[in-house]
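Below you'll find the structure, written out as structure tokens, and then a few comments.
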Amino acid sequence: MSRQVVRSSKFRHVFGQPAKADQCYEDVRVSQNTWDSGFCAVNPKFVALICEASGGGAFLVLPLGKTGRVDKNVPMVCGHTAPVLDIAWCPHNDNVIASGSEDCSVMVWEIPDGGLTLPLREPVVTLEGHTKRVGIVAWHPTAQNVLLSAGCDNVILVWDVGTGVAVLTLGSDVHPDTIYSVDWSRDGALICTSCRDKRVRIIEPRKGTIVAEKDRPHEGTRPVRAVFVSDGKILTTGFSRMSERQVALWDTKHLEEPLSLQELDTSSGVLLPFFDPDTNIVYLCGKGDSSIRYFEITSEAPFLHYLSMFSSKESQRGMGYMPKRGLEVNKCEIARFYKLHERKCEPIAMTVPRKSDLFQEDLYPPTAGPDAALTAEEWLGGRDAGPLLISLKDGYVPPKSRELRVNRGLDTGRKRTTPEASGAPSSDAISRLEEEMRKLQATVQELQKRLDRLEETVQAK
């Protein structure tokens with residue numbers, strides 16, 4: 001009798017554990033917008049989620065530990081004049097978050113340690129360049145202050161947030177229709193996009209050239225998502241001609257046929273992929289689903305291995321994904337999701353069961369830390385670098401707030417209307433400076449006199 005050989009994997013028994021009620025964020029009005037975004041962004045300090053708001057766009061930012069019922073009068077980030085569609089935390093500054101909105105603008109905000117005490121209406125910088133709503137914002141993974149935005153004008157802009165200037169533009173000649181998704185490669189050298197024209201493209205953004213593209217990675221008409229995974233591969237989610245949901249793995253050098261193509265079910269929600277490069281696990285979260293599927297990617301056939309599925313009763317309106325440095329390593333937590341319900345946000349921990357309480361080095365290789373490997377100028381000049389890695393063996397403590405430095409004279413934001421804001425000093429400021437200069441000159445003269453008297457005394461002795 002033949003014996004079936006089961007593939008060995010340390011992630012075969014990963015299981016999901018939803019947080020208890022007192023560890024959730026209750027009574028929040030999650031956005032009803034139909035845009036296919038996660039509507040939630042998390043980091044080791046804060047959880048942010050897009051909310052329903054009257055009179056414009058708003059999103060809520062809470063300190064990670066501030067769980068329980070959220071006060072209905074809690075201060076929010078509310079500078080946009082139309083609904084917010086996407087939010088993303090800066091990977092190199094846990095206090096900085098970017099937002100894209102239907103008002104055609106991108107705004108970058110600085111959140112104080114401890115969270116907001118008053119509504120935040122003035123961004124650090126406003127980035128205006130799109131002519132239609134902005135549905136995607138994505139920070140460069142290794143270069144400081146480099147932010148990408150994609151709008152429904154079919155244009156991708158890459159911004160230097162430090163100057164408020166769009167330094168790169170990929171126009172509608174690259175994407176002739178709506179852009180569904182954009183993902184940076186791990187070193188930030190390339191981006192991967194999916195578009196309504198049913199093509200997935202690999203693009204070198206600094207040159208504006210298409211390195212590779214695949215027409216119809218999935219035969220269906222519903223939106224496709226694409227992300228980079230390990231070893232020069234990309235993973236796509238989409239629909240078959242019969243409207244079955246699919247996941248596929250591709251070698252970017254040979255896009256003729258997929259390395260693996262699997263059909264999942266017939267649900268209609270778009271599958272949002274989240275890839276963990278440390279474990280090579282990809283998690284698929286469908287909007288409107290009540291489950292999270294996860295697969296392991298390997299370097300040998302069949303390449304994409306189904307692991308398991310976490311299921312719950314209520315469907316999800318969105319999902320946030322915690323960076324690895326925000327996990328509890330002493331509990332063997334390898335991923336944590338923040339599931340948006342209609343009126344709450346629920347953390348879900350993905351855990352590998354282990355008997356030992358010691359640090360599990362095989363689960364936690366060195367991971368991307370909070371420091372940038374490059375400046376914006378270095379990356380724009382052609383340099384590439386992988387993320388600067390840190391060890392989680394002794395845990396991770398988020399650093400104190402880092403100031404986001406912006407050259408305000410180049411900021412194109414709407415609030416730069418006063419002379420002080422535009423960089424030109426007022427007459428009052430000039431008068432104060434002149435008075436301080438006179439005082440300094442008088443002090444220097446007095447010190448010089450004292451020094452002369454001291455020298456005369458020394459010479460007399």
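Cβ coordinates come from backbone N, Cα and C, glycine included.
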Inset, instruction - Among 202-238, 424-460, find the range that Swiss-Prot records as coiled coil. - result: 424-460
Legend entry - Secondary structure composition of the repeat 'WD 6' (258-296) [DSSP: H/G/I, E/B, coil]: 0 helix, 22 strand, 17 coil
Legend entry - Long-range environment of the repeat 'WD 4' (164-204) - Cβ separation under 8 angstroms, sequence gap at least 6: 36, 125-127, 129, 135-136, 138, 140-143, 146, 148, 150-158, 210-217, 223-228, 234, 236, 252, 277, 374, 376, 379-380, 384-387, 406-407, 410-413
Inset, instruction - For the repeat 'WD 5' (207-251), find every same-chain residue at least 6 residues outside the stretch whose CB is under 8 Å from a CB in it, and list them. - result: 36, 168-170, 174, 180-181, 183-186, 190, 192-194, 196, 198-201, 258-268, 270-273, 275, 277, 280, 282, 284, 286, 295, 297, 299, 303-304
Legend entry - Neighbour tally for K449 (N6-acetyllysine), based on other Cβ positions within 10 Å of its Cβ: 10
Legend entry - Counts by DSSP class (helix H/G/I, strand E/B, coil) across the repeat 'WD 4' (164-204): 0 helix, 23 strand, 18 coil
Legend entry - Same-chain residues at least 6 beyond the ends of the repeat 'WD 3' (123-160) whose Cβ lies under 8 Å from its Cβ atoms: 35, 37, 79, 82, 85-92, 96, 98-110, 166-172, 174-179, 181-188, 191, 193, 205, 368, 372-376, 378-380, 384-388, 404, 406, 408, 411-415
Legend entry - Tally of DSSP helical, extended and coil residues in the repeat 'WD 1' (13-63): 3 helix, 24 strand, 24 coil
